[in-house]
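Let me begin by presenting the structure, written as C-alpha cells, before commenting on it.
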Amino acid sequence: MGKIELAGGSLALGFANITGLSVMKGLAMGMDPICGQAYGAKRWSVISQTYLRTMCLLLLVALPISLLWLNVEPIFRRLGQDPDIINVAKVYIVFCIPELIAQAVLHPMRSFLRTQGLTTPLTISAVGAVILHAPINYFFAMYLKLGVKGVALAIACNTINMNIGLLVYVAVSKKPLKPWHGITTSSIFQGWRPLLSLALPSVISVCLEWWWYEIMLFLCGLLTNPKANVAATGILIQTAGLIYSFPFSLGCSLSTRVGHALGAGQPTRAQWTAIIGIILGFACGLMATVFTFVFSSVWGRMYTDEPQILDLISTGLPLLGLCEIGNSPKRLPAES
C-alpha cells in the first residue's frame with residue numbers, strides 16, 4: 001500500500017478507536033466482575049441477564065457512533081488533516097460500521113464464555129477467523145478491487161466469523177450456560193444499575209488509555225510530510241495493539257479467576273491470583289521490549305516499502321517496547 005492509503009487507513013482507525021471501539025471495549029468490561037462473582041456464587045441467571053443487558057447496551061451505543069462516522073469528513077477538516085488523507089479515511093471509516101456492530105455482539109459473548117472458564121471455543125473461533133481473513137481480504141481488496149473499502153469489509157467479516165463460530169458453539173454444546181437461561185421480559189428492563197455503575201467508569205478508563213495514542217496520530221497529521229508521519233505512527237499504534245493483546249488476555253483470565261474466588265468467598269485465593277498475574281505481566285513487558293529491539297529494522301516491511309516510513313518505524317519501535325515494561329503489568333490490575 002502507498003503512503004496515502006496507509007495514512008488514510010491509520011487516521012480512520014485512530015478515529016474509530018477513539019469514538020467507537022474503545023467505547024465498546026470499555027462498556028463490555030463492566031460485565032466481567034458481575035459475571036465472575038455470579039459464577040463463583042452459582043447464580044446462573046445473573047450471568048445470562050448481565051450478558052443480555054450488555055449486548056443491548058452496546059448495540060444502542062453503536063447507533064449514534066455510526067451516525068458520527070457517516071458524517072466524519074467535516075471533523076477531519078476542522079482538525080487540519082491533509083485533504084488526500086481525508087478522502088481515504090472517510091471512505092474507510094464508513095465501511096467500518098459493520099465492524100462496530102459486530103464488535104457490539106462479540107464483546108459480551110466473549111465475556112459470557114470466559115466467565116465460565118470456556119476459553120477454548122474463543123481460541124478456535126479466533127483461529128478459524130484468522131485463517132479465513134487472508135482469502136477474504138484478497139477477495140474484497142484485490143479481486144473486487146475495492147481497495148481500502150475491501151480492507152475494512154474484510155475486518156468486519158473476520159469479527160462476524162468469530163461471532164458465528166461462538167453462537168454455533170453456544171447453541172450446540174452442552175457445556176456453556178445458555179444466554180436465555182433465567183431471562184424474562186421484566187429482567188431485560190430491570191437491574192441495569194449494577195452494570196452501568198461498573199461499565200461507565202470502565203469506559204472512561206479504557207478511553208483515556210486509548211485516546212492518547214490516537215491524539216498523537218492526529219497531531220502527526222499537522223507535521224511536515226504528514227503522509228509518512230501518519231502512516232508510520234498508525235503502524236506503531238497497531239503494533240502496540242498487538243502487544244497489548246497478550247497482557248489483556250492474561251488480565252481477562254486473571255479477572256475471571258479473581259471473580260470466581262471472591263464469589264466463592266475465598267479472598268486469600270483471589271489475592272494470590274492477582275499477585276501471580278502481576279508477575280506474569282512484568283514478564284510480558286520484558287518479552288515485548290526484546291521483541292521490538294530485535295525486529296525494529298524489519299517489522300515495517302510487512303506493511304510498506306516506503307523508505308521514509310520504514311525509517312520512522314525502526315526509530316520508534318524500540319521506544320514503544322520500553323514503554324511496555326510499565327504498561328503490561330499496569331493493565332492486569334485494570335482488567336481484574
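Using the three backbone atoms N, Cα and C, a Cβ is placed for every residue, glycine included.
TrEMBL: automatically predicted annotations, no manual curation.
The transmembrane segment annotation in TrEMBL covers 6-29, 50-70, 85-106, 118-140, 152-172, 192-213, 272-295.
Packing against the transmembrane segment (50-70) from elsewhere in the chain are residues 15-16, 19-20, 23-24, 27-28, 30-31, 34-35, 38, 93-94, 96-97, 100-101, 103-105, 107-109, 111-112, 179, 183, 187-188, 191-192, 195-196, 199: each is 6 or more residues past its ends and has a CB under 8 Å from a CB in it.
Proximity of the transmembrane segment (152-172) to the transmembrane segment (192-213) is not established, fewer than 3 Cβ-Cβ distances being under 8 Å for residue pairs spaced 6 or more apart. Among residues of the same chain six or more beyond the transmembrane segment (272-295), those with a C-beta under 8 A of the stretch's C-beta atoms are 239, 243, 246-247, 250-251, 253-254, 257-258, 261, 317-318, 320-322, 324-333, 336. A Cβ distance under 8 Å defines the sequence-distant neighbours of the transmembrane segment (6-29), meaning residues of its chain 6+ beyond its ends; these are 54, 57-58, 61-62, 65, 68-69, 72, 75-76, 81-82, 84-93, 96, 99-100, 103-104, 107-108, 110-111, 148, 151-152, 198-199, 202-207, 209-211, 213-214, 217-218, 221, 226-228, 230-231, 233-235, 237-238, 303-304, 306, 309, 335. Sequence-distant neighbours of the transmembrane segment (85-106) (same chain, 6+ residues past either end, Cβ-Cβ under 8 Å): 4-5, 7-9, 11-13, 15-16, 20-21, 24, 55, 58-59, 61-62, 65-66, 69-70, 72-73, 76-77, 148-149, 151-153, 155-156, 159-160, 162-163, 166, 221, 226-227, 230.
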